[in-house]
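Chemist: Handing you this structure, nothing more for now.
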Amino acid sequence: MATVITPASLIPVSSTSNLTFTIQHEPASAAGYSLPRTGSFKNCKSMLELKQLQSQITKTGQDQDPSSITGLISSCIEMGTDVSLDYARKALEVFVEDNGPTGSLYMFNSVIRGYSSRGFGDRAILVFKEMLCVGVCPDKYTFPFLLSGCTKAGAFREGIQAHGVIAKMGVCRDVFVQNSLIHFYAECGEIEHTRKVFDEMSERNIVSWTSLIGGYAKRNSPKEAVTLFLEMVEMGIVPNPVTLVCAISACAKLQDLELGKKVCAYIGEFGLEVNTVMTNALVDMYMKCGDIDSAKRLFDECTDKNLVLCNTMMSNYVRHGMPVEGLVVLDQMLQHGPRPDRVTMLSAISACSQTEDLLHGRSCHGYILRNALEHWDNICNALIDMYMKCDKPQAACALFNRMPNKTSVSWNSLISGFFKCGDVESAWQLFQEMPDADLVSWNTMIGALVQDSMFMEAIELFRKMQNQGVEPDRVTLMELASACGYLGAVELAKWIYLYIQKKDDIQCDLRLGTALIDMFARCGDPHSAMQVFSHMAQRDVSAWTAAIGAMAMEGNGKQAIELFNEMLHQGIKPDAVVFVNLLTALSHGGLVEEGWEFFGSMDDSFGIKPKVVHYGCMVDLLGRAGLLAEALNLIKHMPMEPNVVIWSSLLAACRMHKNVDVAKYAAEKIAQLDPERPGIHVLLSNIYASAGQWNDVAKVRLQMKEQGVQKGPGSSSVQIDGEVYEFTSGAETRPEMDRIEPMLVEMNCRVREAGYSPNLTNVLLDVDEPEKEYLLSRHSEKLAIAFSLINTGQGMPVRVVKNLRICSDCHTFAKSVSKVYNREIIIRDNNRFHFFRHGSCSCKDYW
DNA sequence: GTAGGGTTAG
């Protein structure tokens, strides 16, 4: 009976495909096939011995005996070298040519197993095709080998076709075959097929469970992997060391130390052996979860550190920004072994990149050349990155040009390197030249724009990326969140958050969560910021810092204190940065007493010596509260030299409290420290102007002109229907001015009726009163508010982002507008948020 | 005969 199976008819693949497996003949097993003997080849240790024995056998005519050839092939597979495997394949071919397919099934299975286990999946598939061609029907032992080969070769189509053959042959109830299918589908990322095979199994063994858990862990579903593991244990199924390794690596991916420890407890509970692979998984998990001490302890205690373990330690050190520690491991390896391989060198080069250590980088390059590793793409890419970070673009380009197979990593390393060297033009040129820009390329470009404060351009590029069908990942979204925060683009902020919630494969981890909090805080949406914060699975000091920062933006000092205390309560150690945000919040909230208290506690309770920034916060706090003498006294008693920022804070406070004497003193200090600082001249001229000292104003203006210092124009922007509109003071060139003009007149009338009168001291030019009034009415935030009122529906808040600090007249104006037009107005200036509702502001006129 | 650890660029 002839069996003809064409899986192409079962599974929708192209009928012209030459990959189709076709079985044409009777199964060999049905034609008197018996279990072979390995024969005397079994003792052969080398190809030479093997060939000598083979020629003896040929003389006696035994070379036609299936059991002899089977033995020869088995020996070759055992040796497992490229040469021996190809030799086995040749022997098999000759045997079939001479004797026909009968008796060759075991040989085929052996050769497929040999290729597959050595990572030659593509050759395993070829041999399987040859097997079908000559009419040998595979058996249930063939498929696990074949599928493993398909997995290693990433041969998705061939694997699916094999599944078709398996179904037709009725071997799909074999647990080994099913387990192999699970593994194959999991590795191909086909998690639904994986689950289907698992669910349909009538009996499962521990390998079935392990394959599924491992599949989930690898396929970005570490959460499901751990859940499944815990369910399995709950059901009374006993895991083995392999299962544990899969579950532990899932915890590493999740960076969830608590969960990791919970899973680890089962090692002891089930009395499982901790071998090197398990040790490695544990070290990796501790490292990825940030418990460096535990990882280091395990590593140090391990008496037979193998190559993989050393590599794990090194790569994690480098990943954690501890390149020096990584290079110490490398040193130990060079002295006592194991001998570094290409994976070791990848981490080593990366460590040199981080430290910009050209000397060590070059010696790594030397090691690579001596050990003939330079043909490996990844090594070359790492070297390109290293040379770029060490500011040697020529060396990097030379390497790049020499590479026969440039990967996207090569291009991306070069592009980001050019940005780091400040050669923006070359970076853009490469981006346009590269054949397939991938997600990382786009992220690099978007990130560079954000770095350069070109936020609108960054968002534009993001839209372009989307139009080209490239899906954003967490890195894209972090960059986007940053741009969005700086622009105060509320609608985009909401879109980003919704997008992340919708996408299962984007993990809102610590860093992304923190970026979102910061984004919402900057967009004047502290409520959403706190919502993100409360939904975070874990919070580190950065997350708490961002949340406290959101309170600082809002000027909510009390809530900031509550958050800080809650953080301490949860056992999180404060760092220097969190104190900056806390003190800023207290400053914006006008909480002087609390400010002194927390400032004092830094060193007393937490051993953190206040830095210049902290003194800056305190000067700001005291200055805002009008305690100028106290602020000046603090500056005089600082343990370090006060910098420009400190004096600027004091100067700003002087302006607010109209203290010209102290202002002059501060301005002198600034002039000494940084004579070309543009903002300082503006601020000083503002002080003179508000005190009516026009001669001095003119003097400063002249000085600015002579020094070529220009005051940056004040600008305000609003976002309407996803479009950002930017207004500059008095700029009448915008096409929208036709509609804004009458609105401004109307607004002016209505707010004057409600009691507003313009505060002309805010105009910094010596012009007559009507002119002053006119200039004042054209401040950019007024234009932005008018435009927003026209273009948004009643009940919608008006949101304005301003590049400079809001002036006191615009502040009064906005309060009045919020009442007269019954609209919430939210203005973010360069310092903080102002929420105007019903005629008053959240800052309580204190800013 | 099936399942497990380390890998460069943003």
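Easy rule for this one: first residue shown is 1, then count along the chain.
Every residue gets a Cβ built from N, Cα and C, even glycine.
According to TrEMBL:
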- A:755-847: domain 'DYW' (DOMAIN)
- A:104-138: repeat 'PPR' (REPEAT)
- A:174-204: repeat 'PPR' (REPEAT)
- A:205-239: repeat 'PPR' (REPEAT)
- A:306-340: repeat 'PPR' (REPEAT)
- A:407-437: repeat 'PPR' (REPEAT)
- A:438-472: repeat 'PPR' (REPEAT)
- A:540-574: repeat 'PPR' (REPEAT)
Chemist: Per DSSP, what is the residue count of the repeat 'PPR' (A:205-239) in each of helix, strand and coil?
Modeler: 26 helix, 0 strand, 9 coil
Chemist: Go ahead and report the DSSP secondary structure tallies for the repeat 'PPR' (A:407-437): helix first, then strand, then coil.
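Modeler: In the repeat 'PPR' (A:407-437), the DSSP-based counts are 24 helix, 0 strand, 7 coil.
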Chemist: Counting only residues 6+ away from its ends, which parts of the chain sit with a Cβ under 8 Å from the repeat 'PPR' (A:306-340)?
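Modeler: Distal contacts: 276, 279-280, 283-284, 287-288, 290, 292, 295, 299, 346-348, 350-352, 354-355, 360, 367.
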Chemist: Going by DSSP assignments with H, G and I as helix and E and B as strand, what are the residue counts for the repeat 'PPR' (A:438-472)?
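Modeler: The composition, in the requested order, is 26 helix, 0 strand, 9 coil.
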